[in-house]
């Protein structure tokens, strides 16, 4: 089975590493001119002249990146099976459509308004009560294209800084923590759920994910399972889907956004779960039985960003698992991650502190349950 | 770090899969014309004209196969670091030298004689007491180049069938089980040991390895640790070394043979240990700290030989991990393996039986502790 992957970054790389043991081969289609997968066959296609060659090589297509032209993915679907479908991409590319889907499926979200001018933005800020977050409805990756309004009078400036004709404005949630739920749906409709992770972002970039959480009520996991199952079934989805949520003081969950792919907040599963999100995505899209999603042990994923630190010192930590992406160092660039496992959360936090001290510029982690 | 691997089969493939997350790249030198690694860069070099190109690409060299010309490896050592050294290959290629090393280090072996004619073979069979096993001192892989003599009168026929000018003749040991110990020695002399595995061979081919063993006395593990440490230190060895042994009825161990590489009886460690033998080999040869060798859970490795069976049905077993080598089916060919994990040995044996039923032609396993 030759699997075609749209995109050729670290997610594709890790998909391939999970897929070789299933006897899969990989062909990547890179449209950026800067592939970093470093594995399999990479076709660089900045002018769309290699698409036919790519399609001729592969048995089915998946993607590591949802900011793809929907019409491109639809066109590919005419030729080869694509999992997840172009419909998942279409929904996830537009925050307005995504929110409408959440509303339709009864998945609670922060209160929001759609605005198309600075005046409408100011009115929405009044109505929702500041602070509010304004985001362009399209694109948006790692905190880009966003602004926080502390007062409605900042609407003009925010409108200009984002520079997009349609924005979504959301109540600023007084959340206890950011969490995510990752689930996998097979071709036959079977669904499995990973334990939820607590995610720590700094400046809009994920830094830490910890799973399972020591203080998560089973009912909250079941609620999240229900939300993501509704999305999976509604979209007749095949593969891994990620839903990011806020958990409020009363324990309730509000959906933030979803990603139709393997996700950074699921990298802990590579060492911490019986079956990784990457293997389960590949099992799903090939129609194979899904693997056990249980955690073997409390696990913390630490992103390595900007600078590598000292890999030897990281590897000296017991039950530390280093995953380097073989990229050159650059400010703000995700270069790899470390998975730390420990029998208890207390021991895990000790290891996290040890590891963070080895990563230049890594902010001190602060988890909600500490 | 670009790692050069002599040989391009499944062991090299699994080394590479373990090495990408360490930001290693791999170049394989295949001298057979039939590489199967299917990953990294493979140079096919049946005429030794690509050796310089290979050496120019790589930072250090290791191997997945010890039946290499010693002079080739010695020549490579003049240009690039080679781990383990050519000395390890030299010793492991000759059963007489290997036995002499065991003797010198006080590692017990079955009683043996070296013979250079059918008459000497017959005399040795008398002296040792039949049955005896006669093996050519060189080569020998998966039971080839061997004969069992039930009576000294069979010496002529055995001599002819092996067709080698120098044989080693060994007492046939009434062993309870075949076991192996795998250890890793770093560039700084640090040594770590894996839990010993019980190995089941059928017709000279490994079929099952189970680790840890449920009934292994700690003192036996410590004895094996001592034997392999003596070998590692004597050879100033760097990397993974495997020592296969017989365990006799009284619990004592007798060394059979060693392999200067990652080993099929260590494949269980890919899912069952904190750090796999492949990752630890790569850590060792790069001078990185060695990883924890502890088992997460009782694990059984089942080789997939000759025919693939039904991969989907295998993946439906809970905590089953399939490792396919992406080779075509052929009688007696190792095509992959399955690692099964379970919290108890009783549950593990149930899973083993389930899995074996899915593998056409797989012999029913019989472990010593059942």
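For all residues, glycine too, the Cβ spot is worked out from N, Cα and C.
A quick note: this is a predicted structure, and the numbers were derived from the prediction, not measured.
As annotated by TrEMBL, ATP binding site applies to A:95, A:135, A:140-146, A:170-173, A:178, A:201, A:256-257. In sequence order, A:109, A:110, A:178, A:244, A:245, A:246 make up the list of same-chain residues 6 or more apart from residue A:256 (ATP binding site) whose Cβ falls under 8 Å from its Cβ. In three-state terms derived from DSSP, residue A:256 (ATP binding site) belongs to an extended strand segment.
As annotated by TrEMBL, domain 'ATP-grasp' applies to A:99-286.
Counting Cβ atoms from all protein chains shown, residue A:170 (ATP binding site) has 23 others lying within 10 Å of its own Cβ. The binding-site residues examined here are A:95, A:173; by Cβ neighbour count within 10 Å, the least packed of them is A:173.
When secondary structure is read from DSSP and collapsed to three states, residue A:173 (ATP binding site) falls in the coil class.
In the predicted model, residues of the domain 'ATP-grasp' (A:99-286) average a pLDDT of 95.
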